[in-house]
Amino acid sequence: MVRILTKKSFALSALVAASLMASGAMASDKTEPRNEQYKDKFSKQYNSWHETSESVEITDALEQDPNLVILWAGYGFAKDYNKARGHMYAVTDLRNTLRTGAPKKDTDGPMPMACWSCKSPDVPRMIEEQGEDGYFSGKWYKGGAEIVNTIGCSDCHEKGKSKLRISRPFAERGMEAIGTPFDKASRKDKQSMVCGQCHVEYYFEKTADKKGFVKFPWDKGTTVEDMEAYYDAIDFADWTHKVSKTPMLKAQHPGYETWQLGMHGKNNVSCTDCHMPKVKNAEGRKFTDHKVGNPFDRFEETCGNCHDQSKEFMVNLDKERKAKVKEIQLRAENQLVKAHFEAGAAWKAGATEAEMKPILTDIRHAQWRWDYAIASHGVASHAPDEALRVLGTAVDKAADARVKLAQLLAKKGVPQPIALPDISTKAKAQAALGMDMKKMNADKEEFKKTVLPKWDAEAKKREATY
C-alpha cells in the first residue's frame, strides 16, 4: 500500500528525521574540537573558559633570568621562553615562539609533530582519524592547518557531556604505568588526572617503532630520582649542551608529579579545588569556573574552604615560600653556568671522554633536578619542601662537578678561575653563544605573515565540512 503524506505529516516526518540525524551526530564518540559548539549547552563554563584570554601579558623569562640562555645552550629554549599564559593562548603562543622555527613546508623546521600534543582538542581528533603512528609522524608544520582550536572542552570532557575523560592515549598509558588507570579512579582523582594529561613531565621517544611518540617517564615512579634513573637506563638525552657537551635532560612541567608530593596532593585536594572552584553566577547558580587561574583571585571559594587564616596571611606565606625556592634556584644556576663553561675549557684543553664522563654525569643530574623544580610552575605552592630538597641536591651535584673540573683543569695546566663571558642580559648571553637572533626573529615574522594565514584558510575550509 502506498501512503500519501499530507503537508503536516511530511513536515513532522522531516522534523523527526532531522532530530534523529542530530542525535546520531551527537551520539558519535568522535571528538568535536570546536569549543564554540559547546557555548549554548554549557554557557557558564564556556564563558568562564573564554576569560582565560584576559592573561594578555607576555613575560619574557629569559630577559628576567639570562642564566637560562646558558643553561639551555644549543636547545630551543635558549632562543625564546615566555611564561605560560591562559589556555586561550596555547595554540597562538606555540605558533609564535621562536622554538618552533619558521618552516615553509612539512619537511622543514626544528620541531616534531609531538609539540602540538597538549595544545588542542584537535590532537585527539587527529589521533582518532590517523592513529598514533599517523599523528606523530613528521614535522610540526604538518599539523599547522589541522590544529587550530585551543585547549578546551573536548580535551577533558566526553563529547557533549560533563563527564570527564582522558583524551590522549599516551596519558592513559602513563596513568596505567603508575597503577592508577583512569577508568578505575574516583571522580575526585579524575579531576586532577585530566590536568595530568599535560601538566606533567614527558619526552619524545626515539625508538624505531615509536619515534616521536609522547611518553611519560614513569616506569620507575614519578619522583625526580625515579625519572632520572629511567632516563639514564635508556641512555636518553634531549640534546647535547653547546658549551659543555653534556647529554642533557629538559624537564617539561611536572606539576602533577610535584602536586602529589605536597600537602595538598597528600590530602587529595584536587587541581580543580584550587584552580577551577565551584562559584555562583549572577542568578545564584553554582557551576565549575573554567577560568583556570590563581587560587588567591577567588580566595573564599578556594583556600577559604579549608583554611581559617586570612587571605593576607596566606598570600604572605606563599611569597615567603617562593622567595626561599628562588634563592636556592639561583644558587643552583650560578653553579651550573660555571660548570658548563669550565667543562668547555676542559674539552679545549684536551680532556678525554673518559675524564669527562663522571663530570658530565654530575652536570646532567644537577641540571635535571634544577629544571624539574623550576619547570613545575607552581611547585613553591604545591610542594615547597620537595622543591627545596630537589634544588639542594642540584646545588650539591653541580658543586661535585666543579670540584672534579678544578682538579682536571689543574692537571691540564689551565689557569683558574675560567674567564666567563658577559651574560648579564638575554641579548648578551645569546651573543656569547653565537646565536643570530636578528635572523631568527626576521624569519619568524615572515613565517607569521605568510604561513599562518594559509593554515587558517585551510582549517576554515576543512571545518566548513563538519
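Every residue gets a Cβ built from N, Cα and C, even glycine.
Note that the structure is a prediction, hence the values are computed from the model and not measured.
For the heme c 4 site, Swiss-Prot lists C271, C274, H275; matching the candidates H50, H157, H382 against that entry yields H382. Swiss-Prot lists C153, C156, H157 as heme c 2-binding residues, and of the candidates H264, H290, H307, H340 the one it assigns to that same site is H290. C118 (heme binding site) falls within neither a helix nor a strand when secondary structure is assigned with DSSP, and so counts as coil.
In terms of Cα spacing, the binding-site residues E201, H264, H290 that come within 10 Å of H253 (substrate binding site) are E201. Set side by side, the binding-site residues C118, C153, C156 differ in how many other CB atoms lie within 10 angstroms of their CB, and the most is found at C153. If you compare Cα positions, H157 (heme c 2 binding site) sits closest to C274 out of the binding-site residues Q252, C274, H382. Cα distances from C303 (heme c 5 binding site) to the binding-site residues C153, C195, H199, C274 are smallest for C274.
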